[in-house]
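S.K.: Dropping a structure here in structure tokens format, bear with me for questions.
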Amino acid sequence: MGQTLFDKVWNRHVLYGKLGEPQLLYIDLHLIHEVTSPQAFEGLRLQNRKLRRPDLTFATLDHNVPTIDIFNIKDEIANKQITTLQKNAIDFGVHIFDMGSDEQGIVHMVGPETGLTQPGKTIVCGDSHTATHGAFGAIAFGIGTSEVEHVFATQTLWQTKPKNLKIDINGTLPTGVYAKDIILHLIKTYGVDFGTGYALEFTGETIKNLSMDGRMTICNMAIEGGAKYGIIQPDDITFEYVKGRPFADNFAKSVDKWRELYSDDDAIFDRVIELDVSTLEPQVTWGTNPEMGVNFSEPFPEINDINDQRAYDYMGLEPGQKAEDIDLGYVFLGSCTNARLSDLIEASHIVKGNKVHPNITAIVVPGSRTVKKEAEKLGLDTIFKNAGFEWREPGCSMCLGMNPDQVPEGVHCASTSNRNFEGRQGKGARTHLVSPAMAAAAAIHGKFVDVRKVVV
């Protein structure tokens, strides 16, 4: 019987254990940041342990990093977390992409950009959006702090193999519709728990035609569909992305092995979902989880249960309204979902020559120093600033209410991030998840508009 892509990568990393029981996996790459690593390092100290593989452990600073003045951290807790990681990196011999360094940025952007993320690897990080790296044909998943310590000490982790769910996506994306709309549509249609217990393999002609940036967007939000893992078969687009990057010096001798990473024709999936995107519309969330979304042209749904009622109350909206009725106050272009160069380029096409609506505070936060530099070479910073956007330093920023970048209470924000939970962007903040193009158009018009009519 054939194997799925996920099965092949998983089986190559099993050190001990039987199928159906917890198995001990070897971990090829451990990415860490300032929030979920301090207690894990302290655990090593208390047990007088060393880091098992410091050469496979890489750190960056992202969650608490200020995006205006990166060297002036006013919050005491944030400053302590950042300085603690800097010290731990020195004490344990970990390579750190430090504040202001050329490669610093959101952890799920730093891995791919530096060439650390590669096909066939097992990758973990103390962050739920680690599935992003699955876009390269890797098994990548988020872990908790106790598991971070376990990987520190042993370079292994006990895991139970999930079932396989194939999501076959075909059709040509209409103008003004993007990878973000695909994953939001899937979650809206099948729910925030449809992927629970599964590894999601995204396949089909639509996926094959996506750039790596688009593929990462889709895998990034696998967790919002309840799945711990998202994975895509590596191909020439993948290999071209990895080639020549700083930590990809093994490329020439590895690429032939990477070409073996695919699901066999006779591989059996536990479940299959099929999607034709040829008539897909731009997506907008109206509620307080990513499942609560609509096509742009559709009204918000009727109230079906207490969760819907609570969401409408929190968001200050009513059934029957449409996205264009939302009174927006903020626009956020950023996060590990949509702060890559192609995202900023797409948004800049809409912004160029226009001005941010007077009722809107618009912020652009490149996901990494690499993206920021490349964007500035293309003059994107000038386009955004001339329009009235704030052009910030890289970091997680307004994706979560953990740093100075927060949406005021009661204000609606068009956001390119991945979560719209209550308080996610700050106490009382009202988040609407959209693509970068939709967010850019909203900034100019002061409300949500059909981006298909304005994209150039």
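A Cβ is built for glycine as well, from the same backbone N, Cα and C atoms used for every other residue.
Positions annotated as [4Fe-4S] cluster binding site by Swiss-Prot, on the basis of sequence analysis: Cys336, Cys396, Cys399.
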S.K.: Tell me the coarse DSSP state (helix, strand, coil) of Cys399 ([4Fe-4S] cluster binding site).
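M.R.: Assignment for Cys399 ([4Fe-4S] cluster binding site) reads helix.
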S.K.: Give the sequence-ordered set of same-chain residues, not counting Cys336, Cys396, Cys399, with Cβ within 8 Å of the centre of the Cβ atoms defining the [4Fe-4S] cluster site.
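M.R.: Here the nearby residues are Asp62, His63, Ile106, His129, Gly334, Ser335, Thr337, Ala339, Gly367, Gly395, Ser397, Leu400, Ser417, Asn418.
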S.K.: What's the number of neighbouring CB atoms sitting within 10 A of the CB on Cys396 ([4Fe-4S] cluster binding site)?
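M.R.: If we count other Cβ atoms within 10 Å of Cys396 ([4Fe-4S] cluster binding site), we arrive at 29.
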S.K.: Can you check which residue among the binding-site residues Cys336, Cys399 has the largest number of Cβ atoms within 10 Å of its own?
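M.R.: Of the binding-site residues Cys336, Cys399, the highest Cβ count within 10 Å belongs to Cys399.
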S.K.: What three-state secondary structure does DSSP assign to Cys336 ([4Fe-4S] cluster binding site)?
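M.R.: In the DSSP reduction, Cys336 ([4Fe-4S] cluster binding site) maps to helix.
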